[in-house]
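> Take a look at this one; I'll ask things after.
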Amino acid sequence: MMSEVRVRFAPSPTGSLHIGGARTALFNWLFARHHGGKFILRVDDTDLERSTEESMRGILEGLQWLGIDWDEGPIYQSQRLDEYRKFANKLLEEGKAYYCFCTKEELEEMRKQAEREGRPFMYTGKCRNLTKEQIENYLKEGKKPVIRLKTPREGKTVVHDIIRGDVEFDNSTIDDFIIMKSDGMPTYNFATVVDDYQMGITHIIRAEEHLSNTPKQILIYEALGVPLPQFAHVSMVLAPDRTKLSKRHGATSVQEFRDQGYLPEAIVNYITLLGWAPLDGEEIFDVRKSIREFSLERVSKNPAVYDVQKLTWINGHYIRSYDLDKLTQAIIPFLQKKGLIGENYDYEYIKKIVSVVREREKTLVDIADAMTYYFKEVESYEEKGVQKYFTKEGVVDILKKAAETLKNLEPFNKFTAEEAYRKLVEELGISSSALFHPTRLAISGRTFGPGLFDIMEFLGKEKTVARIERAIKFIEENIKG
């Protein structure tokens, strides 16, 4: 039986939570929840110059919005510097690491020499065997050394990867790399190993780009004499053109998707599909199913291709099936941003409109756009609609009859309005589309949307008639008969 699973997500607060990072967090979280384990949030903030509180806040809010909760943390690396120094000193005392006093100029010369010899640059190990006396003299001179790990010159380091199988690295390609910088800060690889060991991390699930760091990290584990966790490197998320996903491919951060009106459940559903799928192959599923079925063995080795159209299609499904109150609450900030409502609004009225508008829309932004004419006067008419319906012979007379009919209608609701329109079609001897289409364009400015009589009921008699009369005026003034 597996001991308690402990996994972590360790973002650097130097940017936003993007789709790849969100997927890494999600896969760790699903794995922990599937096994009844712990999901730990750690913040890799040792790059003090680039780390910002704003970025950290955005990452935490993004995870919370997606429903990815953590059991421990956030734990900040910048608050653990004494721990890294303690472990580095242990390696120095045991002769597994050493002080290196090489200057920038000396390292540059080594780099040039490697270039001249046509080989990749590797640190030569110049300071590997300094005597105690030499070290003391350098320190007395005020030289600030880095600390390097003594790496084996021969043999191979093998990464046993749950997703990729065994990946071998030749030790001759790994130089004596730095574990502590001259300013006393740990390097990424060293801090990562110390943290993962002290936090009892059992499985490291992360992006494929970290695979090249793994042999160095294994060598640190071995030098410290502590057990290795299991590794699982998840393939990259590529853009549709199969290049690295970047801003030029549109929205890539969780915050951008949130601002564009995607629902958190839809994003979680979609990013779960980036390299994994449920047993039945379904594309729409909730997070409970993902937790039940998730396993690393079924994560694909092949790169996942990001497809915003598929995400939007999935989002449309969630928009249609979402709890109506939750959807209404989610849409309100978008309506406020568009200036359609203020701080005080008629919640029930908005909810009724959302119930009919959502059937055709795919994002909250789409819904807010589609709701515009319920709150504001129609400012323009779709050009294709004008050409198709407002230029037809007799349309002004038809709309005048419609306005007159609706003015005298009591009571006014979608059922009585439809009945009156059906009768008018018969009286005028025209097709229903000759009346319905220009009316829709007149009262909404659009050629499609919810049911025509639903719109009329929401607007009420006065607004409906006024908009038809305004359209008549527009046709008479702008369209030459």
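Glycine too: its Cβ is placed from the backbone N, Cα and C atoms.
Swiss-Prot lists these features:
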MOTIF     11-21  motif ''HIGH' region'
MOTIF     244-248  motif ''KMSKS' region'
BINDING   K247  ATP binding site
> Let's see if you can do this one: DSSP helix, strand and coil counts over the motif ''HIGH' region' (11-21), in that order.
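Residue counts in helix, strand and coil order: 3 helix, 1 strand, 7 coil.
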> Averaged over the motif ''KMSKS' region' (244-248), what pLDDT does the prediction give?
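Mean pLDDT for the motif ''KMSKS' region' (244-248): 75.
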> For the motif ''KMSKS' region' (244-248), jot down how many residues DSSP puts in helix, in strand and in coil.
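Counting residues by DSSP class gives 2 helix, 1 strand, 2 coil.
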